[in-house]
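The following features are taken from TrEMBL:
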- A:20-46: transmembrane segment (TRANSMEM)
- A:58-81: transmembrane segment (TRANSMEM)
- A:93-112: transmembrane segment (TRANSMEM)
- A:118-137: transmembrane segment (TRANSMEM)
- A:149-171: transmembrane segment (TRANSMEM)
- A:183-204: transmembrane segment (TRANSMEM)
- A:216-240: transmembrane segment (TRANSMEM)
- A:301-327: transmembrane segment (TRANSMEM)
- A:302-526: domain 'ABC transmembrane type-1' (DOMAIN)
- A:347-364: transmembrane segment (TRANSMEM)
- A:371-390: transmembrane segment (TRANSMEM)
- A:507-533: transmembrane segment (TRANSMEM)
Amino acid sequence: MNTDASRNDLVKRGNSTLGVAAVLLAAGALLGALLGALALFEAFAVTDAVAGLSIARWFGVLLAGLGVALLGVGATSRAGLVRSEPDRTAGPVAGVAFSLVGLVIGGLLASQTLGFGTLWPIGALIVGAVALLLTVYPRGDLGATLPSGLLSLFTGIVVATGVIAPGWSWSPIPGSFTLPGDIAVPLLAIVVGFLVAWMAARAYGGFGTQGKQASAYLLVSASAAGMLALLVVLVSYIVVRGWAPMTEGVKWGLFWANWTYFYVPPIHRYVVIDGPVLWFHWPFVMNGHALLNDVNGIMPAIVGTVWLVLGAIVFAVPLGVGAAVFLTEYAGQSRFTQLVEVSTNGLWSTPSIVYGLFGWAFLVPRLGNGFSILSGQLVLGFMLLPLVIITSREALTSVPNAYRDASAALGVGKWETIKSVVLPAAMPGVTTGIILGIGRIAGETAPILLVAAGSPFPSDAPNVLTSFQLSATPPFVTNDALLQATSALPYQLYAVITAGVNKNAGLAWGTALVLLLVVLSFYAIGIASRIYFRKRLEA
Amino acid sequence: MSDSSTTETAEDEQPTTTTTTAGETVEEVQDEWIEYDFDGPAKFSATDLNVWYGDDHALHDITIDIPENSVTALIGPSGCGKSTFLRCLNRMNDRIKAARVEGSVELDGEEIYQEGVDLVELRKRVGQVFQSPNPFPKSIRDNIAYGPRKHGDINTGLLARLLGGDDREREEELVERCLRGAALWEEVSDRLDDNALGLSGGQQQRLCIARALAVDPEVILMDEPASALDPIATSKIEDLVEDLAEEYTVVIVTHNMQQAARISDQTAVFLTGGHLVEYGDTDQIFENPQSQRVEDYITGKFG
Ligand SMILES: Nc1ncnc2c1ncn2[C@@H]1O[C@H](COP(=O)(O)OP(=O)(O)OP(=O)(O)O)[C@@H](O)[C@H]1O
Ligand SMILES: [Mg+2]
């Protein structure tokens, strides 16, 4: 008898009333938090009226309702009206969380509403302690619902009655920080909504171990969703603002035109082949800056960034992979390799402006004594180098030793083995490192500013490809274009933003969007080559 | 008896008194060594071979002659040094930092632990197949042609093609010959360009054997080549080993007594601590072992 009672059912049938109520409650709370987030990002204005009541007050009503419902769920569970398996206590994590919330609310009430003056910590401590007690002392079901329910009810009433409303504002430090009501209300909805959803998830699992499981699941999935949402917001923000300036004046058309023609001797005729020709004009990415342009474009900056990144890759990848091969395959584990490892990690975390300063003081005077693409490529290459070394070492060490043994047992020497077996097997990892590195260097502004930046809005792109010249004297190959200053996307963006009076916000967003696209295309190339290398290794 | 036959005798000056699991002392064990004479030349002869890993003495005074064109099985409990001994025969121990080898191993009468030995040449002559199949993540063809290509015996690169020294046909022949030699040709002949990792474990292991055959070795060392395989794949490998013995000298480590009894011509029994306890004709070792401990081990009473 006794053991039966203390043992939980192995099979749980149907939806319990508690489960249904908890799901509804959690859904309502998450909806409140979501609406709060939307309001915060100005998807709608909290002052708008819906059904005769402003949205701000509806937030209050929702929170108060959630509070009452949560209290009700806790009470019915405590009274034994629904089946639940509560723990002895709601646990220390919830206790700490709610006592912190209590501290904040108590402090605000004491200092702002009740006018305790410098004695406000007393109020804060009292409310915090009460919240802690309410959470930890009662049985698990009551401890989970009482503080969160009361909190939700209290904020709900405060917001619904208009004590905190869009017109309201609070300046704890007058003149420097003001919290207006139309931000405070959605913020409250988000915070309280999450706390309620957390505890509703506990109710869903019956307040016991299962409940903690459910609430943990809710918390981690909410943070994943939040991160994804942040990414989407960030990208869509840039796309929405940058799209119009980027596509301004785009024209294209299909024409029937001559493709080629050739002479056919037997019939003494020319054969002419016509076909459709696509004509395309995209001023923003095809133009430079010039007086007579229909739309001023950023082509020179795009070309500059591409050359800078390509140069950095050409410089850093062979060097980095070579160093990694030496360190992993030849040097073995020793003091020396440990030292190198530590210093590469250190180099990787060195701020880019420091690299820039080094380039400015060391490279610029030696390479043509002026800002140049070449200096920029080298400095970005220095920055890329440690990451290439780190990831290549990682990739090389994860190549199974069985391959090396198999090759050695066939009488194949070390270098041949590395070249034909180890490196191909490590290539996917190496490319991953390069991909990550490109993301960092393509967007670097500081070092470019110090070593490579010319006019931010030139009319022509650097003509690197056709400027190579051979000479009979060292260094045998010269390229004037490489020794000239350039513009680059992040640098141009910086120049636009700090321009002040004539600031052209459209140009800035368009540039940002193009930079994003350029980085993404480098990524695409990198990912495609990683897939290629991996395909070769896989069945 | 030809003059190249050898005799192994107990070395009674052994000072060590380590007690073994069966409670006997090492001297007792070694007193039971038996002589093993065979006709024909010895492929390998190891003399007083000792191996240490750091301070760990893994092989003690191994003296053994391995006859040519036959299958020699090495058996013994786990950790007794079978793999270590095998690695001494193609100097793969050199690749282990902690390992130190003392004593002598002769291949066709030539010392392999002397200065100036060309490891590439040695390992071309003494191939190895590992316990778990380890094909390269390349196509079946590339796996087999790997060794000869690296040794410059076959050139199929772009440069070779441009210079007219393209060995494609010879490569085709080689791949087919080795795959047939490893009894794999029928199964893979239509997918030579597929990745070797797509083969089953047993096929992979036979591919590794084919890969070892491709460099035209004289000896093939096998370290439990069938331990990861099912009975059917195992029996294929076993048949293969017996066939290989006509042309090659095979030294095989196995934990499977029946396997050793089935496929080997002579068997060496190692016991815990790195001692070679008994060596002789397989039939004789399995039917009439000289040492009580070897009998216990073979009949499964310990080990
Ligand atoms: N790379 C190594 N480094 C240090 N010690 C090693 C190494 N390889 C083997 N040993 C030690 O040498 C002894 C013999 O090992 P070995 O691998 O030769 O045994 P084995 O007979 O092949 O065993 P098994 O049947 O389990 O494969 C063991 O005590 C082992 O711990
Ligand atoms: Mg072994």
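Every residue, even glycine, has its Cβ placed from backbone N, Cα and C.
Not measured: the values here are computed from a predicted model.
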Is the transmembrane segment (A:58-81) close to the transmembrane segment (A:149-171), in the sense of at least 3 CB pairs under 8 angstroms with a sequence gap of 6 or more?
yes
Taking residues 6+ outside the transmembrane segment (A:371-390), which of them lie with a CB under 8 Å of any CB in it?
304, 307-317, 319-321, 323-324, 327, 344-345, 347-348, 352, 355-356, 358-359, 363-364, 430, 433-434, 436-438, 440-441, 444, 447-448, 451-454, 462, 464, 481-486, 488
Quick check: do the transmembrane segment (A:93-112) and the transmembrane segment (A:183-204) share at least 3 Cβ pairs under 8 Å, counting only pairs 6+ apart in sequence?
yes
Criterion met for the transmembrane segment (A:183-204) and the transmembrane segment (A:507-533) (at least three Cβ pairs under 8 Å):
no
For the transmembrane segment (A:507-533), find every same-chain residue at least 6 residues outside the stretch whose CB is under 8 Å from a CB in it, and list them.
235, 238-239, 241-246, 248, 284-285, 296, 298, 301-302, 305-306, 309, 424, 427-428, 431-432, 434-435, 438-439, 442-443, 489-490, 492-493, 496-497
